[in-house]
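Student: So that we are looking at the same thing, I have put the structure below in structure tokens.
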């Protein structure tokens, strides 16, 4: 069927048609022109190679593929070739099954598992043989066992049978019973013997052995059967089942003495039941299972499993075995914490990029330079502010010795809260610079925490505090809100400066029930007017001086509190009251801190 306008019909590929069928049908649409014969041969060779590679990926060998292609032809479609390969592979598998492989293949080993081991052609040993090979040989003193079962009056052969059966039930295969040969004679009233046929049955099974005995001049000559018993048990590294201690044999040879002490298994008969002790060598010796084994069982297999299982609440103090817990020794939490504390290395001082530790003088000078730079920024900002400017209720405050603060999200300098608290600062927690650098909001929260530590609960009136005195060009237009709350809201935008020195509180303030209640605002003053500088402590410095020296000490104290904890600054400035150089004081503070690490 030809297409419209004389075009050749285009063969559509069905979804089930393979790639090779589509290429074969496409190549059969027309004979190639003479100029394309070479290209067609190369294409057919490439197509054949692709077919071979495809079938080899499916697991068929090159020999099988070529034999099938010779049988069906090179132009055979993929499905036909694949069907023939399946039949050929099935026949090959039958041939392999009928003809045994002379060299068995090695087992596959997972990647990283090392070299594969040679196949073990020997059949695995049964579980009973493995169990019996781990058990010690048993040598039974037949005369002692029979007389014990007969209550020392009758030679009861049934007692020997009970003992032998007990060891057979436990998996022992090497059992030997020694009995004097004269016990095979007919019983007499003075020598009663019961169940004598058991001796012959055990002898047929090669379990019982008769020791030699004979009559000489009408008298019975009996060999010492105990020496047979101890000697065989010693040479076979087994155990001796008897209630006799063989004192005479212990004195003959020293190795026998030790062997009898360690390998003697005593027993009891309770109503035709053979019962050896569970602890043959005493309470602190091995158990009966380990006593009868060549290699003792591990502790996990010996211990009795805990009846509570996973619900056990005794922890590491439980004396029973928990298979779900790791076998390594466990320690308590306190012991682990102590071990970790001993293993953890001490913290070394931080180093700079060149690997050198910063000296105290360079560290203090750099920090003080940053503090002075922030103070200059605050002065510039305050000088640019005009008294008449008003930004929708927002107020900018200025003091000559203030420190510049950035809004939330910016970077600022640390701020010392010593001027707001007239009490001693030894009990205040140290506020890190990272916490105070996050902005005025975090400053308010830090100061709230500091005041909360001193004041206790909301219902407890704390000690009198020096209030924060705000300077506003608008006088009473500011609402009477909490000092820090109004301060935080008024400084929400732009850069502001917080004064470092404040005038003392008025002589009489009404007591506040809560620390957040505001103090009455002072009379309005000009923004550019510099307030009188007061030293900390309402006109009295902590070092007992007044005047210009106290003012200079207060300034140095304020700067150092922005770098070091206040209690360290007070301690060092108290020791060196005449020293006013910030760098030297910083070096002394670092030296004092190294000498008193606990403070």
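Keep in mind that glycine also has a Cβ here, set from the backbone N, Cα and C atoms.
According to Swiss-Prot:
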REGION    1-40  region 'Disordered'
REGION    90-133  region 'Disordered'
MOD_RES   99  phosphoserine
REGION    112-297  region 'RNase'
DOMAIN    135-290  domain 'RNase NYN'
BINDING   226  Mg(2+) binding site
REGION    301-457  region 'Necessary for interaction with ZC3H12D'
REGION    343-420  region 'Disordered'
MOD_RES   344  phosphoserine
MOD_RES   438  phosphoserine
MOD_RES   442  phosphoserine
REGION    522-546  region 'Disordered'
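Please situate the listed features within the shown structure.
Tutor: According to its DSSP assignment, residue 226 (Mg(2+) binding site) is helical.
Restricting the average to the region 'Necessary for interaction with ZC3H12D' (301-457) gives a pLDDT of 55.
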Student: Hey, what's the Cβ neighbour count for residue 226 (Mg(2+) binding site) at 10 Å?
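Tutor: Other Cβ atoms found within 10 Å: 19.
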